[in-house]
Amino acid sequence: MTTDTIVAQATAPGRGGVGIIRISGDQASEVAMALLGHIPKTRYADYCDFKDGEGEVIDQGIALYFQGPNSFTGEDVLELQGHGGQIVLDMLIKRVMEVEGIRIAKPGEFSEQAFMNDKLDLTQAEAIADLIDATSEQAAKSALNSLQGEFSTQVHELVDRVTNLRLYVEAAIDFPDEEVDFLSDGKIAGSLYRIITKLDSVQASAKQGAIIREGMKVVIAGRPNAGKSSLLNALAGKESAIVTEIAGTTRDVLREHIHLDGMPLHIIDTAGLRDTADTVEQIGIERAWAEIETADQVLFMVDGTTTDAVDPHEIWPDFIDRLPEKLGITVVRNKADITGEALTVTQDHGHNVFRISAKTGLGVEELQQHLKSLMGYQSNLEGGFIARRRHLEALELATSHLMIGKEQLEVYQAGELLAEELRMTQMALSEITGKFTSDDLLGKIFSSFCIGK
């Protein structure tokens, strides 16, 4: 990161009641002298004229001055809060740029300054963008929790535990005559198991946070003519898929992106799964399985007129056995308008079972509520944090190293190799908060921010 003084409009482009210009860097005080004729008292609102190079007034408004390191960016910061007309704001930026050495900020550069000056860690910086982009109250609350350090605190706790255990293991290695006793006394194993348990908990919360941010991928799967396309239409609230009585009508993947109370949901309708000689249908079935393997949840559609069973293993064991081990399954018994089934929601063998009529819409609202709960929707809006795909990847990598380290301890009692896996775990976790992060990754993250943030 350079030490340039940067300027940008901090409010959204366009017409508004108030417009804010933000300047951050060593020359902020020089800009204040040029435009205001004085440096405002630190952290006080100063109503004054904003003047051009000839002393003519461009606008009137509030000037706020924050002396580093006691500012958002950690640098000296000047904010000019004037009227929200775009022409006036452009004139102010042009005037600021007349001060030699000032340049326009890149997207996210103010937040990057804050990160580089240890005012924020990387998860908190990302949470700023996530708070701005939030599409639901739950997402906004979770992003705010991350901004306030909830996610970071849990990651830092894990890093501290891993670091302390690594130091203990390395101390044992330094005394080779006693190393085996150290490794087998149960203390190291106990600490390692507790770290793994804690990491599993954080990983589960992060997955929920990623769903809140990015949306849940739900695949509707089942045999031909079970009503999958009708359910897609019912959930989407429009006729997205062609529905006929002919089995195999849907031959390709159909996608709909909807919001349930602001929670993003990616619904995917797939070709009916069956053995077929039709080449085009075979391709559709292959694509269906590809979508299922990357789904967060499967709605297993069952034609209620063909079976009374509710246990998916009984309905179609080959299908269930092929599903990824940790994939969530919701059984949806369709055509309740024909079978006369009560529109109840039950649990069977650990799976939620819904009775609906996709054609008439009966029971669909209850299914929507279920999907919202799976996405982490909470009416009280308490708890949880936002997470991104890179966070999940780092947590998965950390888990992988811990499991390898566990094997080195339990099977081989190899202290050096355990210590190395703990070091790799520490690095993977530290990437989340930015303690060990490449410049390329930082550039990618901050470039996705708004200009002025």
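Cβ coordinates are placed from backbone N, Cα and C, and glycine is handled just like the others.
Not measured: the values here are computed from a predicted model.
Record features (Swiss-Prot):
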type    : residues                           : note
BINDING : Arg22, Glu79, Lys119, Lys453       : (6S)-5-formyl-5,6,7,8-tetrahydrofolate binding site
DOMAIN  : 215-376                            : domain 'TrmE-type G'
BINDING : Asn225, Thr244, Ile246, Thr249     : K(+) binding site
BINDING : 225-230, 244-250, 269-272, 334-337 : GTP binding site
BINDING : Ser229, Thr250                     : Mg(2+) binding site
When DSSP states are folded down to helix, strand and coil, where does Arg22 ((6S)-5-formyl-5,6,7,8-tetrahydrofolate binding site) land? strand
Pairwise CA distance, Lys335 (GTP binding site) versus Lys119 ((6S)-5-formyl-5,6,7,8-tetrahydrofolate binding site), rounded so that it is a whole Å: 57
Looking at the binding-site residues Arg22, Lys119, Lys228, Lys335, which sits with the largest number of other Cβ atoms within 10 Å of its Cβ? Lys228
Ser229 (Mg(2+) binding site): nearby binding-site residues from Arg22, Glu79, Lys119, Ala271, Cα cut-off 10 Å: Ala271
In angstrom units, rounded to an integer, how far apart are the Cα atoms of Asn225 (K(+) binding site) and Arg22 ((6S)-5-formyl-5,6,7,8-tetrahydrofolate binding site)? 59
By Cα-Cα distance, the member of binding-site residues Arg22, Glu79, Lys119 nearest Lys228 (GTP binding site): Lys119
For the binding-site residues Asn225, Ser229, work out the Cβ neighbour count at 10 Å and name the residue with the minimum. Asn225
Counting other C-beta atoms within 10 angstroms, the emptiest spot among the binding-site residues Glu79, Ala271 is Glu79
For Ala271 (GTP binding site) and Glu79 ((6S)-5-formyl-5,6,7,8-tetrahydrofolate binding site), determine the Cα separation and express it in whole Å. 56
Using DSSP reduced to three states, classify Ser229 (Mg(2+) binding site) as helix, strand or coil. helix
